[in-house]
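Peer 1: Would you mind keeping the following structure in view while I ask a few things?
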């Protein structure tokens, strides 16, 4: 296997630096730069995003690990020494997103920042980070789907290096990481191209759009994966949560449009953008 497909990018003495970590760090960096750039248009200082990042990243990782441990408690209850062994793998993005959301709400309260505005600013960057970080699963040959055939993968007109990386232990597998990354990229392009159109999105609705899109994508892709976390060995956790988020975001969107109409929320309020800070 070529170096480009080796999960280890390089070594620093005894420490292995893996592509997974590099791609995750790249995703965080891209998300931060996107938020800072958009924040300048909304009168949010760059320091606010940096300070938020310093709290959100470590707590997000802790949340991602706790989420995984909770739904794999049958194993970790017998191996408690492995609970903190995050270097062996085992984090769940939904856990990280939930933890990050909690941090954001607390942070906005302390800084007196409008939370839905911050969510609108940050959401596209989070989606971009997800697009990038999923390729870490590709490098690790994990988070894939069921067995498939070489002819099927070739019918997708995938680059040769992707097909070869999907050859694991003598069989080819569905590149579900690629499906999720590609679909999220489509969603990201749509959101970025539409979010500044006047009267299309009110405050909070860029965030709702992200939640609805990602929940739908994750529900679809999760049904193809072979490493899902389960509730009672029957219900896929991520699919159940995706349904809750999908319909929850739609309900909140409609509720805010129909019931809650503060000055900054109304179309034609004279603001440059419907979700500008005021």
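Please read every residue number as a count from 1 along the shown chain.
Here the Cβ of each residue, glycine as well, is placed from N, Cα and C on the backbone.
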Peer 1: Can you check which of 153-173, 174-194 Swiss-Prot lists as transmembrane segment?
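Peer 2: Swiss-Prot lists transmembrane segment for residues 174-194.
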Peer 1: Quick test of the contact rule: Cβ under 8 Å, at least six residues beyond the ends. What residues does that give for the transmembrane segment (83-103)?
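Peer 2: Distant Cβ neighbours of the transmembrane segment (83-103) are 52, 55-56, 59-69, 71-72, 76, 126, 130, 140, 142, 229, 237-238, 241.
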Peer 1: Taking residues 6+ outside the transmembrane segment (112-132), which of them lie with a CB under 8 Å of any CB in it?
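Peer 2: For the transmembrane segment (112-132), the sequence-distant neighbours (Cβ-Cβ under 8 Å, at least 6 residues beyond its ends) are 23-24, 26-28, 30-35, 38-39, 42, 44, 48-49, 52, 93, 97, 100, 104-105, 180-181, 184-185, 187-188, 191-192, 195, 201, 203-207, 209-211, 213-214, 275, 277.
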